[in-house]
């Protein structure tokens, strides 16, 4: 076995194989869009929303959830660990899992709740709420399918939120302190962590002034990001909702104003509107979802407008005021907000609402970590500076996830945590630039993307062909009443090499994975078109789109050869 092991090491060193191949491929082919944030020298702490406790406090499900992911846990720690991970969101959790698989002893530190935004205030709770809103919408459209619903459709919003909290609580043990202590970590601490020097970290108990100091061989900073609070007059001094506290809400506000139209913002805007809240979106751009394919953005915008959402484009906000009440309310009696704006036509108008939601982006959590003391370069906008191998300016400290990457997605943080630890202990040479990162926005219809956009190909003067299959022309989609949406695949000109793809429609986030698999493994449109798909399924749209490449195989020479073969 030793001889075989030495042969494998030799193969790695000679370039015949890689750690990526030995441990399971995390990347291979394909390229993600360039959404990088320029680095700067500004280290001033960004204005961000505070961390909120999970609520409502009197809910026993909430108390049980906190007992799993945010208990008072500050044990006596060892003086040194192979790996210290700061942050127990997805990037941090995967970091200690990979370290454990390599036989390393890790300390995991989290100052708020384990599981991070995804579990507590992001991906999972939002999808629970969206699922309920979709059911309400489908009931209102039941007559389109010959189903008569007598009476009015009533939404029990408190029940919607109780369902979300129950489901979230069911997942909490999976991400909790007990499991990670048992299965992956030498120790776990619920504490604030900051660097003392290049190899030492000070931990402060989150519930007292108790402190401990530990050192490390390697460290991964996975501190995540927080909701940014932009400099709109009055906003920073006015209590308002972000994703960090929205899921504490207990009753449905009559009206809500949404500042910013990022993915999670418009997801929740549509959901709240479908529940019966009158929602107004303020967007400084002249259209929603500016990152996405313009045709996709138009379809999603049309859906929001059809649901009754009031979308104000190219708007300038002058002031935000809390007119009545002094604190944030999660149920009636509601406060009254006023938002003063100049609309796209120059008209000045004041909007009123009972709930104000700020969704203007995310800022990396760099403040309070003592990064300067550890010799780690960073800025308040792009976050911790890392090279392509996730390594900071301190060679023993790596970073992963939202704190250092523009790809602020749970699945991206997952892969970055894996890569960072592989690089830290195995010098695996896993590169951030090699990750193929798909994403989805979970509006109705969903929009999902992987690879490069047409505008990027145009900007690079890259010749390409784009193929489109409209869902309205796909049999299963017809049966399901789907009338809008499409699959679009862009390929290198004259070939079936896939450069990028966008899908708009129900379950687009699920459907994009087939194309992601193809891109990452060097499969082309011809390969997808040659795979039998069950009929009738919505996924046939992907195969039918890819099949539009096949006529390019029929060159004059091929046609002549076929004729000879047939004896013509």
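Just so you know, glycine gets a Cβ as well, placed from its N, Cα and C.
According to TrEMBL, the features are:
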DOMAIN    81-414  domain 'FAD/NAD(P)-binding'
DISULFID  118-123  disulfide bond
BINDING   127, 402  FAD binding site
BINDING   260, 261, 262, 263, 264, 265, 266, 267, 283, 361  NAD(+) binding site
DOMAIN    437-544  domain 'Pyridine nucleotide-disulphide oxidoreductase dimerisation'
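Overlay of TrEMBL annotations on the structure.
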| residue | record | Cβ within 10 Å |
| --- | --- | --- |
| 118 | disulfide bond | 22 |
| 123 | disulfide bond | 19 |
| 127 | FAD binding site | 15 |
| 260 | NAD(+) binding site | 20 |
| 262 | NAD(+) binding site | 20 |
| 264 | NAD(+) binding site | 22 |
| 266 | NAD(+) binding site | 27 |
| 283 | NAD(+) binding site | 22 |
| 402 | FAD binding site | 30 |
* Cβ-based neighbourhood (8 Å from the centroid) of the NAD(+) site, residues 260, 261, 262, 263, 264, 265, 266, 267, 283, 361 excluded -> 258, 269, 359
* For the domain 'Pyridine nucleotide-disulphide oxidoreductase dimerisation' (437-544), the mean pLDDT of the predicted model -> 98
* Asked: How far apart, in Å, are the two Cα atoms that lie farthest from each other among 260, 261, 262, 263, 264, 265, 266, 267, 283, 361, the residues recorded as binding NAD(+)?
  -> 14
* Asked: Expressed to the nearest Å, what is the distance separating residue 123 (disulfide bond) and residue 264 (NAD(+) binding site) at their Cα atoms?
  -> 9
* Asked: About how far apart, in whole Å, are the alpha carbons (Cα) of residue 262 (NAD(+) binding site) and residue 127 (FAD binding site)?
  -> 16
* Which of these recorded positions is closest to residue 266 (NAD(+) binding site) if you go by CA atoms: 118, 127, 402? -> 127
* Spatial neighbour of residue 402 (FAD binding site) that is closest, considering only the recorded positions 118, 260, 264, 283 and their CA atoms -> 118
* Asked: In Å, rounded, how far does the Cα of residue 127 (FAD binding site) sit from the Cα of residue 264 (NAD(+) binding site)?
  -> 10
